[in-house]
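The structure appears right after this line, and notes come after that.
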Amino acid sequence: MVFLLMIHYIVLQDVSDELDLKIKKYLRGEGANLEALKDKKLKGQLSVREELFSKSAKVAAKADKYYLQIKYLKISLWLVPSEGGYLEGEGIEKTWRIKQEAISKEVDILSSRKQFDIILPELGPYTLDFTSSGRYMAVGGRKGHIGIVDMMQLSIIREFQVRETVRDVAFLHNEMFFAAAQKKYPYIYNRDGTELHCLKEHGAVLRLQFLKNHFLLASINKFGQLHYQDVTTGSMAGNYRTGLGRTSVMQVNPFNGVIGLGHSGGTVTMWKPTSSAPLVKMLCHHGPLSALAFHSNGNLMATAGKDKKVKLWDLRKFEVLQTFPGHANTLDFSQKGLLACGTGSFVQVLGDLSGSHNYSRYMTHSMAKGYQIGKLTFRPYEDVLAIGHSMGFSSILIPGSGEPNFDSWVANPFETSKQRREKEVRSLLDKLPPETIMLDPSKIGTVKPTKREKPTQKERETEVDAAIEAVKDKKMKKKTKGRNKPGKMMKKKQEAIDKVKRPYLEQKLKEEEVSRKKQKISEEVTLPKSLERFARKAAS
């Protein structure tokens, strides 16, 4: 902080010095010495003129100094980034009682423009998706309406009608391409609405997800088949039958690229494209799952079931952290960790304001009566929650939900076409292979420990015989009279041989005990409570 203040002071000092130099440049020489004049009238006229000259010089210097102010502003923005914040109530006031109308009156004009309702009752319900920068939004209506909206300019880039059912939309690596899950097959379109590909191998898809670091388009169809397709080469990276029936609950973990599926039996399975079996299969609810969401840090998962419970899970231990009463059709985590839950025409936002994974009610919002919420999505780098519902789509303000500062190398809302092309090339060069998708990506690059080879039975016997021979060949010390009897000498030699044999015999007994235990109890492994149901039971 002291360093920032020093830089701030130095820049201000430079700007003021530059201003003094500019004023001297525009002044018409040194001012006249008016103290020697005895004529009061002339003295007053000349003083007014000198004051006018100094004012005009200052105005000219300030106009010339404009570029210095811009430079100072840029330095200040770079040194002092924006800080995030949350709604705070006064006294005993509850933040979840604050309405959107009250928020819109207090925010600036640009922020109030982000609060809107688009009513299209004939084409809904709508599903939504944002680009990684949050500038563009793709909308898809169930009746075939597809469009791309520039959220910064609040203008429609392209909209068209496909004249068939649209179940989901998802952007690919940037706003130039997006995928739409239509009645029979998913299609890929460009920004102008031109159809580029028809992915017939996927079938009738219910949900789409794009893995941006691996350039994989993942889908789940109505037969419960999970597909992974590489959009750079067009090849199929994986095609697996989940074996747990039809599901429309699908979400990608942004931390490790693992796909999470929620099934009708109350289980959540996690998949990667190189494995035909799920990495994890855990029982989360006593009923079908209705929604699923992952935190950006990868350690937190939220699930909602038909048993009218919303649960928060710690994925490091696969244990429940918190349980909330209520139902949710859709869930979504924001960049700052807020959790949005939507059911019917009601939206509830839960917040972990203390940072201790203790979520509580933060904000609520009620839509017009009769609206049925289908999709909730937080807009990246903005305090905005987009809502897709049966009558169109809406946007509300959720203070503290978005990351206040963006990295232009990661996601730049103001990027030019040249920067977009360069980023596309760079991301293709940095593309990760499907094998890097795993539950713990921190293991990538580490050295796998080599297993210590166990000696064979023959090698052990040879080692024991050699040790016994060494003891037998050892000469015994001569003792005093009466202690060198042959019987005592043999007894001592036998004790030395038993001492050499003891470690080998103990090791053999341990191994026999371990193998006996393995035979008796094949599944004596402590599993988390959510996974105990799937443990293989011992034969009675």
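Note that Cβ sites are derived from N, Cα and C of the backbone, with glycine treated the same way.
Copied from TrEMBL, the annotated features are:
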type     : residues : note
REPEAT   : 282-323  : repeat 'WD'
DOMAIN   : 361-441  : domain 'BING4 C-terminal'
REGION   : 439-461  : region 'Disordered'
COMPBIAS : 450-461  : compositional bias 'Basic and acidic residues'
REGION   : 473-502  : region 'Disordered'
COMPBIAS : 474-491  : compositional bias 'Basic residues'
COMPBIAS : 492-502  : compositional bias 'Basic and acidic residues'
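As a summary of secondary structure, the domain 'BING4 C-terminal' (361-441) carries 17 helix, 24 strand, 40 coil according to DSSP.
Within the model, the repeat 'WD' (282-323) carries an average pLDDT of 93. Residue counts for the compositional bias 'Basic and acidic residues' (492-502) under DSSP, split into helix (H, G, I), strand (E, B) and coil, are 11 helix, 0 strand, 0 coil. For the repeat 'WD' (282-323), the DSSP counts in helix, strand and coil order read 0 helix, 25 strand, 17 coil.
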